[in-house]
Amino acid sequence: MSSGRLLLLLGLLTLWAELTPVSGLGRPKFCELPPEPGLCNARKTFFYYSLHSHACQKFIYGGCGGNANKFKTIDECHRTCVG
């Protein structure tokens with residue numbers, strides 16, 4: 001393989017690596033947890049990060065318990081889990 005082709009291949013591989021998103025990079029592990037409504041009955045609208053849709057979605061939170069993948073606002077969810 002000529003040095004010109006090798007440089008072109010190296011350049012294309014570098015470009016591909018820069019443009020390919022790395023799933024979960026810098027995302028807290030708790031963003032992977034499913035939504036948990038908790039044990040109480042307050043029925044508050046909260047947001048969680050969904051691994052299936054790769055987006056923040058609404059769920060009904062009972063007001064106590066649950067896990068760390070719960071946010072009062074969609075902006076807080078985006079800042080924490082989407083980036």
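Just so you know, the numbers here start at 1 and follow the chain as drawn.
Cβ atoms here come from the backbone N, Cα and C positions, even for glycine.
What Swiss-Prot records for 1-25 is signal peptide.
All protein chains included, CYS81 (disulfide bond) registers 24 other Cβ atoms within 10 Å of its own Cβ. Per Swiss-Prot, disulfide bond is recorded for CYS31-CYS81 (among others), and the stated evidence type is sequence analysis.
Residues annotated as domain 'BPTI/Kunitz inhibitor' in Swiss-Prot: 31-81.
Applying an 8 A CB threshold to same-chain residues 6+ apart, the list for CYS40 (disulfide bond) reads GLY62, GLY63, CYS64, GLY65. Per Swiss-Prot, the feature disulfide bond maps to CYS40-CYS64 (among others); the stated evidence is sequence analysis.
The feature disulfide bond is assigned by Swiss-Prot to CYS56-CYS77 (among others), with sequence analysis given as support. All protein chains considered, the CB of CYS56 (disulfide bond) has 22 other CB atoms within 10 Å. Classification of CYS56 (disulfide bond) by DSSP places it within a strand.
Here the C-alpha separation of CYS56 (disulfide bond) and CYS81 (disulfide bond) works out to 8 Å.
A count of other CB atoms within 10 A of each Cβ picks out CYS77 as the most crowded of the disulfide-bonded residues CYS31, CYS64, CYS77.
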